[in-house]
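**Student:** Handing you this structure, nothing more for now.
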Amino acid sequence: MGKKSIIILAAGAGTRMKSDTPKVLHKISGKPMLYYSIKEALKLSDDITVVLYHQFEKVKAEIEKYFSNINFVIQDHKNYPGTGGAVMGITPKYEKVLVLNGDMPLIQANELEKFEINATIVMSVLELESADGYGRVIIENGNVKKIVEQKDASEDELKITTANAGIYQFETKFLLENLPKLDNNNAQKEYYITDLVEMAISQGKVLKPLVVNEENFKGVNSKVELADAEVIHQNRIKKEFMKAGVIMRLPDTIYIEEGVEIEGESIIENGVSLLGNAKIINSHIKTNSVVEDSIVKDSDVGPMGRVRPGSELTNTHIGNFVETKKAKLTGVKAGHLSYLGDCSIDEGTNIGCGTITCNYDGVNKHQTIIGKNVFVGSDTQFVAPVNIEDDVLIGAGSTVTGNVKKGELYLTRAKAKTIDGFFYKHFSSKKK
């Protein structure tokens, strides 16, 4: 396949989203919509230009978190609004240039490869059951002959179900020669990229239609369409993992973000959320658990466990209502209702119900270090920083405020006190 330049249009405000967030930064599976257009474009080209305008600094800053090898230009929206105005002033590196939209997060590189057709313009089209609401594309003898907007279409033209999908490939020479000829003599006073199609037809150029998959070329203009697109994207992610051998219980209830990795003989149960750069290796994530930006290897989590960013679990059991954050646990059992944050716990250690690492003093976070074969009784608080050596027993109800040496018993508990007959005296005094 010959090299080509790619321009991605991402300048619009997206007013139908009804949001202060720029349209292309609304997220699907944890990443901005624009991320996906760029990701797929980079599979085809090393000359990527993203056209911005609305909140361009915010969009640029967000996208630069993911990509460093693309170009950004700011559209002269005041003088040259519209899709045609967006590509003005760009000089593509290669002889062909593909123009994509930043609000098509379902686009895939293998579909874009199909634009490799010998023509002045290759225009993506949809074959629909009903093209109501779309501009119609008139095709004769395999060539595009006309584009007509629905409001301008004749009765016969309205019967046509071939519609414009909104992505084009141009010969760069034609594009650069004809962009200066565009005008804004229309109701919106904008410069339209579709006018280049009319110019090419009038010049007798070859314009080829490319029938594309409607799902892949779905544009997102509202939050309803955003939700619809995310459902499709989620299904794609989960099917790829299941094909690779991952078991998923009721996959429609599972949410997996872009960037998550799942390897080996892993089981993901219903209601699970895997977020950020979570990595699951040979592990069982049980019902309604959340794993975010953490590594879980040869372990089980949940049900209703929460593994927060920076955790690393190896050969570990995390039970119901246990939360970890920045916790390195190796060969640990924490079965019930505990918070383990900013800690390192070694193999053979059992964490009793209600254990808390008190890691924050109101200003700074502090570490709790627990060694091997430590038994932590229920309702224990570790007031960090503390270091618990190997083979230690922590009595239930203890508040640990200092280091504990190997082999010791640590116990902080008030002496029990009983008062004979107190119940009867206490309540009888209230009955009058």
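Cβ atoms here come from the backbone N, Cα and C positions, even for glycine.
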**Student:** Taking Swiss-Prot at its word that Asn359, Tyr360, Ala396, Arg413 bind acetyl-CoA, choose the one of Ser338, Ser344, Ser378 listed for that site.
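**Tutor:** My reading of Swiss-Prot gives Ser378 as the candidate in that site.
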**Student:** By Cβ count within 10 Å, point out the most packed of the recorded positions listed: Lys23, Arg308, His336, Arg413.
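**Tutor:** When each Cβ's neighbours within 10 Å are tallied, Lys23 leads.
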**Student:** Same chain only, sequence gap of 6 or more: which residues have a CB within under 8 Å of the CB of Asn359 (acetyl-CoA binding site)?
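**Tutor:** Those within reach of Asn359 (acetyl-CoA binding site), by Cβ under 8 Å and sequence separation of 6 or more, are Gly341, Asp342, Cys343, Lys365, His366, Gln367, Thr368, Ala384.
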**Student:** Non-local Cβ contacts of Ser378 (acetyl-CoA binding site) (under 8 Å, 6 or more apart, same chain)?
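**Tutor:** Spatial neighbours, sequence-distant, of Ser378 (acetyl-CoA binding site): Gly352, Cys353, Gly354, Thr355, Ala396, Gly397.
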**Student:** The record lists Asn359, Tyr360, Ser378, Ala396, Arg413 as binding acetyl-CoA. What's the largest Cα to Cα distance among them, in Å, rounded to a whole number?
**Tutor:** 23
**Student:** Among Leu9, Ala11, Lys23, Gly82, these being the binding-site residues, pick the one whose CA is nearest to that of Tyr360 (acetyl-CoA binding site).
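**Tutor:** Its closest listed neighbour, by Cα, is Lys23.
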